[in-house]
Amino acid sequence: MLNKLLPISTPPSTGVKPQTRHSLWGLLWLAIATELLYLFLLAISPLPALHLSPTPLPTSYPWLVQPFQWLTSGLPALTLQFVELPALLFGATLLLFNVLYVLALRSLHTHRDIDMKGSRWLLFLLGSALLFGLTLLLLPRLFSDNVFTYIFAGRTLTSYHLDPFRTTPAQIPSDPSYPWILSSRHEASTYAPLWLYLSALITQLSASPAFLLLLFKGLALLTHLLNILLVWSILGRIAPSRRLVGTLLYAWNPLALIELAGNGHNEGLCMFLLLLGTWCLLRARQPRYAAGALLCFGLAVSTNLIALLVLPLYAWFSVDHTRNPWQIALAFTWRLLAMLLPTLLLFLPLWNGANTFFALTSAIDMAHFVHSPAGFLALPLRALFTWFAQLSHMPSYLNPVASADLTVRASATFVFVLIYMRQFGEIRDARLAVRQPLPEQFTRKIDPEGKLASIDTLVNGWTITIFWYLILVSGWFWPWYVLWLFWAVVLRRLDLFSITILMLTATALLLYAFTGFSRDPIATYQTAIIFGLPLVYLLIARIRGRHALE
């Protein structure tokens, strides 16, 4: 069914007002159904069996829990000690969000002759995303308590004048945000400098945790709306026939909405800077836009260090590969350093020598796997190494589990490096195929759709790199990590790999529902469920020879 979502690459016809009106009404009804479902999520979120993170909002605004009280008075079984029912209801709700999401995409495919250039579509997507976001803004409980660690990190700088990299919430239990930090009370901040400064600025506006929570979530919602505008503008330049579908892919995605407007994660700002850098890249014929692209990509690193994977690929893309190797190396180096410069400058006021270095590096947990695909792969190897150690009567001081984990990490990292290096080769080949320096390339149409082939290769490289980083290298995984590559996925053509990532955005949300099954066998295999379904789909589809759906 998913391959039927794809729009046919044909020019939009004239005289399409009836089709446009029909499709708009169809999406309107789906938007209403989606909004009702978000309201239902707001009503069930206070259920204790869901183990969601508490917030100060119900205390400050008691009317927010009124829907929950109405619901539980009509369905008293939800409040009983029957853990599975609320968790099943929660999981079904999250899946239903994605069902409506898919139906919206099918609606656009069914009426593919609609006018995709009309501003009414952009206004509709912005308005509907704003409505969904405002509803999620009022969630009385959160799926993650990270937003309160943002508040604490900001107050560490402004209220206590302490080093955020060496100060844990447990050291200042009197801080107003402390009661709402549950998962990382003994962990210092590891956020990038730009986000720390922005958090410090926001915390100066109020001392109320409830008001600060709304401010951080409001900022995340604002970045989501700005990202919609950027996706619309970028696709209008590189793939006009995919503009509407691609913008809807981002605007209505349940994971993006829940993690940004619902949980207030800073990935929204990182995606904004990466998309803004891409927008400037498409106008790099003018020097100010070329400089703007370097600045935006550099600032993205100052928001989230995962953007470090993006920078080398862009620097490699932007050089003229028709020059001699020394000139290419020099051009690549100065571009990379120019993008890293903002992060280095922003780090300087926070840098406290070796103390800061050891505080940041020691915060990286290399000894444990949390919801990580690499950790799941380590399970059979641990069993094998343990069996061999017992069979060989090895000394007790030898740790076969640690050996298995190290073997998995080293092997997976080596494979990732090979994948990463391959992206540089793909980008170089695409640039040489055009055989023009970067500024002139943007005036040349590569295919009938107006897509710039090397730009598409760059976006593919970004997506593939971050995806395999999540699979092979990252020892931790949380649902919002998928947003690290989702911003690039919506710019790609909707092929097998893109559909795999979209499936991952759906299955990743199930991680929150699995907390209700902590004592069941499903908790052990939740990583296999989250990543296994998309990867199995990708494998089966490739075996069947469906290499391109568009």
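Placed from the backbone N, Cα and C atoms, the Cβ positions cover glycine too.
Taken straight from TrEMBL:
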type: TRANSMEM; residues: 27-47; note: transmembrane segment
type: TRANSMEM; residues: 87-109; note: transmembrane segment
type: TRANSMEM; residues: 121-139; note: transmembrane segment
type: TRANSMEM; residues: 194-216; note: transmembrane segment
type: TRANSMEM; residues: 228-252; note: transmembrane segment
type: TRANSMEM; residues: 264-282; note: transmembrane segment
type: TRANSMEM; residues: 294-316; note: transmembrane segment
type: TRANSMEM; residues: 328-348; note: transmembrane segment
type: TRANSMEM; residues: 369-389; note: transmembrane segment
type: TRANSMEM; residues: 466-489; note: transmembrane segment
type: TRANSMEM; residues: 496-517; note: transmembrane segment
type: TRANSMEM; residues: 523-540; note: transmembrane segment
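Of the Cβ pairs linking the transmembrane segment (523-540) with the transmembrane segment (121-139) and spaced 6 or more residues apart, fewer than 3 are under 8 Å, so the two regions do not touch. The transmembrane segment (121-139) makes contact with the transmembrane segment (27-47), as judged by at least three Cβ pairs under 8 Å among residues 6 or more apart in sequence. Only sequence-distant pairs (6 or more apart) were considered; of these, at least three Cβ pairs between the transmembrane segment (87-109) and the transmembrane segment (496-517) are under 8 A, so the stretches are in contact. When each of 228-252, 294-316, 466-489, 496-517 is checked for Cβ pairs under 8 Å to the transmembrane segment (369-389), 466-489 comes out on top. Taking pairs at least six residues apart, the transmembrane segment (294-316) and the transmembrane segment (194-216) share three or more Cβ pairs below 8 Å and count as touching. In terms of C-beta pairs under 8 Å, the stretch of 194-216, 228-252, 466-489, 496-517 lying closest in packing to the transmembrane segment (328-348) is 194-216.
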